[in-house]
Amino acid sequence: MNKLIISLLIVLSAISIISADYQYGYCKFGSVGTVNQNITGYVTLTAQDGALNLVYNISSINLPTGSYATAIMTYGYNPSNNTDLGGVFQVDGKGTEQCQSGGSRAGDLYNLYVNDNRISSNFDSLTSVSIVDSPNSIIGRSIAIFQESYSCDLLKSSVGTSVGPLTTVVASCIIGIGNSANVPATNGVNTTTGNANTAGAYSSLSNTQYDAMVLLANTTKSPSAAIGGSVLFRSSSNSVSVNGIVSGVAKSVHGFHIHAFGDLTTVDGASIGGHWLSGAQVHAFPENTSRHFGDLGNLCIFDNDFKNAYYYLSTSYFSFSGLVGRGFAVHAARDDGNTYVGGDRVAQGVVALIPKAATTLNQVPSNWKYEVICSNGTYTGESTIEPSPTPSTTPTPTETSQPGTSSYLAPFFVLILSSLISVILIL
């Protein structure tokens, strides 16, 4: 009997290992600041029943040999200053600046080492942060590389970089939900059928502290290399407003969607996956209550010069925290709300946490009429403005319907004059 129980426990343990969910995130670097260090590469983030593992694959042709601190930052992006990312991420406000340890801040990592314009592969294993729904989730936040190094670096005396404090960001990336199809085999997680990627942002993010934004950049599917702009997601207690301003797109209708993954592994837009959805949701237009969470319809309203396209929607259909860390796409053609979602993805980006936005950020004209189905094609916003009332051409009361004194005097004198003439003729 005891052997049977032990055997069952072994089997159940094996099943739990095989079917264990995992988390996968992806973070693609780009240079920031006044000096372009031409830093490229990415970080993969994986966890499965344990610590969060970060694996770096980064290169640079402009960084001198030395050591450079890395840290997880509070914001994924800051529209007013792309090097001010809100400071190193802290869960409880405790900790001091140092390499990851018991006394460090949650977001403090380690130093990267640069030699011959190559940043060496590095591996961090963390327990202070996660990429699953919890107060210490870093989905939607950023990883920054600093000009300075941590003082805990034993090699600091042999390199040219200065030792803290960490003030000068030279590169950063937005931590997005990764596409499971791209998990490197060397990352040590079991992605077999039945295991789900449960990465996500903290579901109780403060709507008084954060908004979210995606910066758009063209993909290799775009005929234009000049697509840009951004989409702002402004959070409130019971809704999310979506304000988009997009430049460089063709003068046509474009599908406009939130996608499942904030994963920029591929430059053609494929790695952001399908639309963000849950369960049995189907592709449809707003405000269909069974549609994908990511179905925002179309982008079709332009300014008079057709230089910028504008989008606006306020909805309570999806949560603010649910969209953080996901991908976003502008499509080449119109989404028909049925089987055709718009073809190639001509622009993409990752939804990042940002500080609570000023009311003027991504402010679309408030007197335009916005629609997202766009069945009649493109139009200009100015054409939707209600015309001002034109001055009335109806005669004033003193002119016609309510004649004044002068209106009565003229016929009266005519009558008197006619009577006098008649009397004279009789005489």
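Just so it is clear, glycine is given a Cβ too, placed from its N, Cα and C backbone atoms.
Residues annotated as Cu cation binding site in Swiss-Prot: His257, His259, His275, His331. Look at Swiss-Prot and you will find His275, His283, His292, Asp295 tagged as Zn(2+) binding site, backed by similarity to another entry. Per Swiss-Prot, the feature compositional bias 'Low complexity' maps to 395-404. The N-linked glycosylation site annotation in Swiss-Prot covers Asn38, Asn57, Asn81, Asn190, Asn218, Asn288, Asn376. Among the features that Swiss-Prot reports, region 'Disordered' is placed at 381-404. Among the features that Swiss-Prot reports, signal peptide is placed at 1-20, with the record citing sequence analysis. Residues annotated as topological domain 'Extracellular' in Swiss-Prot, with sequence analysis given as evidence: 21-406.
The structure, with features from Swiss-Prot marked on it.
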| residue | record | DSSP class |
| --- | --- | --- |
| Asn81 | N-linked glycosylation site | coil |
| Asn190 | N-linked glycosylation site | coil |
| Asn218 | N-linked glycosylation site | strand |
| His257 | Cu cation binding site | strand |
| His275 | Cu cation binding site | strand |
| His283 | Zn(2+) binding site | coil |
| His292 | Zn(2+) binding site | coil |
| Asn376 | N-linked glycosylation site | coil |
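The two recorded residues, Asp295 (Zn(2+) binding site) and His331 (Cu cation binding site), have Cα atoms 12 Å apart.
The shortest Cα-Cα distance between Asn57 (N-linked glycosylation site) and any of the binding-site residues His259, His275, His283, His292 is the one to His259. Asn81 (N-linked glycosylation site) sits 27 Å from His257 (Cu cation binding site), counting Cα to Cα. Under the DSSP three-state reduction, Asn57 (N-linked glycosylation site) is assigned to strand. Taking the centre of the Cβ atoms of His275, His283, His292, Asp295 as the Zn(2+) site, the nearby residues of that chain (Cβ within 8 Å, site residues left out) are His257, Gly274, Trp276, Leu277, Gln281, Val282, Ala284, Arg291, Phe293, Gly294, Val341.
Compute the center of the Cβ atoms of His257, His259, His275, His331, which mark the site for Cu cation; besides them, the chain residues with Cβ within 8 Å of that center are Gly255, Phe256, Ile258, Ile272, Gly274, Trp276, Gly294, Asp295, Gly327, Phe328, Ala329, Val341, Gly342, Arg345.
Confidence annotation: the topological domain 'Extracellular' (21-406) carries a mean pLDDT of 88 in the model. Taken residue by residue with DSSP, Asn38 (N-linked glycosylation site) is part of neither helix nor strand, so it is coil.
Calculated from their C-alpha atoms, the gap between His257 (Cu cation binding site) and Asn38 (N-linked glycosylation site) amounts to 30 Å.
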